[in-house]
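Report on the following structure.
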Amino acid sequence: MTSVTTGVGPVPHSGEDPSRDQGAPRRRNKRQRGLRSNDGKTAAMLFGPTGLILIALVAVPIVFLLISSFSDFNQRSLFTGEFNIVGLRQYVIALSDSEFWFAILRTVLFTAALVLGSVLIGMYISQMMTRLNGAMRYLVTFVLIFAWAMPNVASSIVWKWLFQPGYGVVNWMLTRLRIFGDMSNTAWSNNTALALICIWMLVVWQAVPYIAITLYAATIAVDHSCLEAAQLDGAGSWRLYWQILVPMIKPNLLVVAILSVIWDFNVFNQIWLVSQGGPAGSTATIGVFTYTKAFVSFDIGQGSAIAVITMLMLLVLTGVYIRNLLKSGEDL
């Protein structure tokens, strides 16, 4: 039988099922909902263990940090479990302590020197790697990764041994070169300027590999047609790098800069193992100052308040960076 055409539309013959075409979309929708449900269950199963580990390792310590910063938690509380909530008193004490502000100022200046040195040296090495042949580039990459993978505690101990008075390799070499006279018995950690120079070199040495490799990867990924066009127009290598290549790798440069600020602001192991904040606290950054308050003086409530203030400062800095990045139209 054939369908009859009316004003409403074609009427199917008696052998056709009008509900057949309507059921197919329903079945497809059910299958899609089932697939989405299965995807959600799979994601939950995969994220579940990781989420629990993150909660245990990150969220729980932060909650304890916040609670203890509003309390008088101290050495006695570690044994008795007793402490009192004192409100904002720990924050008031910290903000009214001149040593806290000296530690903040010292940290800001030292962080600026560390970030500037590590980023500039990393930029130089990354640019140098683009001009090396294959074998030499692989060798430099291996050396950088080896230096970066070395634990900072182990490297700090080795560094301290290198600068030891009497048998330190650095003092022996400087004495043989006769640049500064006899330095065989010079104790770097007992002099503020020498201790800061020693720690600066150690932290920069550990930070440069990551920065150099990251910027090298960004450099080889850019479109080199712009660089070739600028070369044809007569641009020198200095202008070519700073006015063309650096703006092209700006997002990567900003990422390594903000990460360097966060890492260098929180640097602790290198300072503590080399100088323990001495002499007379002159190399004590905010990390060392917090540690001495919490675990040397055992004023854990005060140390927690200082740690929260430091965390808020870094969060504000990171927020400003992300906002400027979004305003400039760059991707995160």
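Any Cβ shown, glycine's included, is placed from N, Cα and C.
Computed from a predicted structure; not experimentally measured.
Feature annotations, reproduced from TrEMBL:
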| type | residues | note |
| --- | --- | --- |
| COMPBIAS | 14-24 | compositional bias 'Basic and acidic residues' |
| COMPBIAS | 25-34 | compositional bias 'Basic residues' |
| DOMAIN | 104-321 | domain 'ABC transmembrane type-1' |
| REGION | 1-36 | region 'Disordered' |
| TRANSMEM | 43-67 | transmembrane segment |
| TRANSMEM | 100-126 | transmembrane segment |
| TRANSMEM | 138-162 | transmembrane segment |
| TRANSMEM | 193-219 | transmembrane segment |
| TRANSMEM | 240-263 | transmembrane segment |
| TRANSMEM | 300-322 | transmembrane segment |
#### Entry: Positions on the same chain near the transmembrane segment (193-219), where near means CB under 8 A and six or more residues out
110, 113-114, 117-119, 121-123, 125-127, 129-130, 141, 144-145, 147-148, 150, 152, 155-156, 159, 163, 186, 245, 249, 252-253, 255-256, 260, 263-264, 267, 270-271, 274-275, 278-279, 282-283
### Query
Does the transmembrane segment (240-263) reach the transmembrane segment (43-67) with at least 3 CB pairs under 8 A, where each pair is 6 or more residues apart?
no
